[in-house]
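Taking it in order: structure first as structure tokens, then the write-up.
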Amino acid sequence: MLTITAIKHAAATARNLLAHGDGVPLLLLRLYLAPVMMQAGWVKFAAWQDTVAWFGNPDWGLGLPMPEVMVFLAAAAELVGGALLALGLATRLAVVPLMATMLVAIFFVHWPNGWLAIADASSWLANQRVLEAAERKTQVIAILKQHGNYSWLTGRGSVTLLNNGVEFAATYFIMLLTLLFYGAGRYLSVDYWLNRYFSRR
């Protein structure tokens, strides 16, 4: 009985400690997502004309209506939303347009390429596009070895082909969805302290 009581007490203590630390994983999600989103928004604004052309062109782009408006909304959502995530301010509100942006990215940009972001022919998730990329990668490496300083060219990383599948966008969407349901987290967000302040008034 003493052992069972001790185990129950230890479990209760552990649950209490974990409950007080439940804001940490949510903080880490926010800090991971914030620079990713802000960078994406910054790139859209920095390359405004090219981004608008890509959003609007139906032949080699997304073919979206009102591309200027769409680019502005996406870039603003990412820049402002990323900053709000970093602060943990209006978190549930901030993630909604970011989730919409990720859905557009998934279904309009990445979906035809399958799951993998990097073309890895050894993956069980590799589609025909990825398998065909393996031969192209072999040819790229052969050309670099024949006509370049291969050791220097690959001194900071190996040759990699981007598949541009849904992997990253889907992962970001799931992380944002978690923040939508659980909020910014306890103690380590502005939302927590604002809610605590107004709930006492």
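All positions are counted from 1 along the displayed chain.
Cβ coordinates come from backbone N, Cα and C, glycine included.
Those TrEMBL annotations? Automatic predictions, nothing curated.
What you are looking at is a predicted structure, and each value in this text was computed from that prediction instead of being measured.
Copied over from TrEMBL, here are the features:
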type	residues	note
TRANSMEM	69-87	transmembrane segment
TRANSMEM	94-111	transmembrane segment
TRANSMEM	169-194	transmembrane segment
Which bits of the chain, at least 6 residues beyond where the transmembrane segment (169-194) starts or stops, bring a Cβ under 8 A of a Cβ in it? 20, 22-27, 29-30, 32-33, 36, 85, 87-92, 95-96, 98-99, 102-103, 105-106, 109-110, 115
In the same chain, who gets a Cβ under 8 Å from the transmembrane segment (69-87) while lying at least 6 residues past its ends? 30-31, 33-42, 44-45, 48, 51-52, 55, 93-95, 97-98, 100-101, 104, 179, 189-190
